[in-house]
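Data first, discussion second: the structure below is written as structure tokens.
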Amino acid sequence: MADKEPVVERHVAEEEGEDSSAAAAAAAGEEEDTGAQVAPIVRLEEVAVTTGEEDEESLVDMKAKLYRFDKDGNQWKERGTGTVKLLKHKENGKVRLVMRQAKTLKICANHLVISTTKMQEHAGSDKSCVWHAADFADGELKDEMFAIRFGSVENCKKFKDLVDEIAESLAKAEGESEEGSSAAGLLEKLSVSESKPEETAAKKESADAGKETETKTEATPAE
């Protein structure tokens, strides 16, 4: 029995050596770079995504919850939670209010801030304000009444003050434009009125000259 034991140990050692060699060969095969390239079945092309805000600069960007007043049901309904922005166009200077829902990015408010836009504090909440607007979020112009709620009193005040400032600036510009148009019209009327006596005098001189010519013609004897 003592002579057979070394033979068994030798076989076990050989088997363990073979297993180690096989494992090393497998590892080497995994690390080996074959250089093969697999072409994709479907080739996807990059698509430029536009938001319509490329020509505008953001004056304010805040998180808020928007509501609209349902006239038929006589109640407030949630319009969406997301980001509200005031965007100023880089060329014409017009400012619009845009709000998108957080997850879907669906537009829930989209209208210009005009001279008659007036933000008012919502009764019972110093974090909310209400206003009327001709909104285009649904693809058609609708007269809507909105209420918006911010996370803090400071954000609500900042938003309200900025909208009021823009509206007042527009109202002032419109007033100056109307005054300028009125002044131009008045000057035009004055210039027309002042030119009438001169035109009348010129017409009179022309008529007198014509009569004098006729008189001389009549007085000349025929040959």
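Glycine too: its Cβ is placed from the backbone N, Cα and C atoms.
The shown structure was predicted, so the numbers you read here are calculated from the model rather than taken from an experiment.
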**Asked** Of the ranges 1-40, 41-80, which one does TrEMBL list as region 'Disordered'?
**Response** 1-40
**Prompt:** So what's the mean pLDDT when you look at the domain 'RanBD1' (37-172)?
**Reply:** 93
**Request:** With DSSP as the yardstick, break the domain 'RanBD1' (37-172) down into helix, strand and coil residue counts.
**Result:** 20 helix, 62 strand, 54 coil
